[in-house]
């Protein structure tokens, strides 16, 4: 099994989404010892944002890098994304990666009945971290966007592991992380029992 692990937080070692995504990958390694993990840190190794130049693919090195990103995505059976909420949405580095994998004719296509995803059969696990609590849907453009986008690509097996309110206080941060990790442990126990 191939697993693609992406982190997008700019906070480095203090990032909750990175801690959660690492815990998710560790869980997958315990459940599936044969798993092959490919890791990409989108903050330390960002993908260039789309521009007229990158879309034209006149630079062979840029075209090869874009194809490598696409192949990592296509070959992965499980994708783990560390996705913090930045300004009600996702980091621009994660959006730049999405722009490289959401490609007509590769991961979706248009039909007479509407668009159809071509990237089905994958499992997506999102490690979501938020400084506040966003129970009001009108303030959350992060999780609905990710669900919609990956659903559009044909991925319907999507799990969210969420830590909210981490900026309220050190205690809130610890409690939110503990709750998210406890949920992850419960999911692992259920998988082992199945």
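Here the Cβ of each residue, glycine as well, is placed from N, Cα and C on the backbone.
As recorded in Swiss-Prot, the features of this protein are as follows:
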BINDING   9, 15, 16, 17, 85, 86, 87, 88  FMN binding site
#### Entry: Cα-Cα distance, maximum over 9, 15, 16, 17, 85, 86, 87, 88, record's FMN binders, Å
17
### Task
Just jot down the residues in the same chain as residue 16 (FMN binding site), at least 6 apart in sequence, with C-beta under 8 A of its C-beta; none if empty.
9, 84, 129, 163, 166, 173, 176, 177
### Task
Let me know the most crowded of the binding-site residues, choosing from 9, 17 and counting other Cβ atoms within 10 Å.
17
### Summary
Going by C-beta under 8 A and a gap of 6 or more residues, the same-chain neighbours of residue 15 (FMN binding site) are 7, 9, 82, 84, 129
### Message
Same chain only, sequence gap of 6 or more: which residues have a CB within under 8 Å of the CB of residue 85 (FMN binding site)?
### Response
128, 129, 130, 131, 134, 140, 142
### Query
Taking DSSP three-state, what's residue 86 (FMN binding site) in: helix, strand or coil?
strand
### Summary
Comparing local Cβ density (other Cβ atoms within 10 Å) for the binding-site residues 86, 88 points to 86
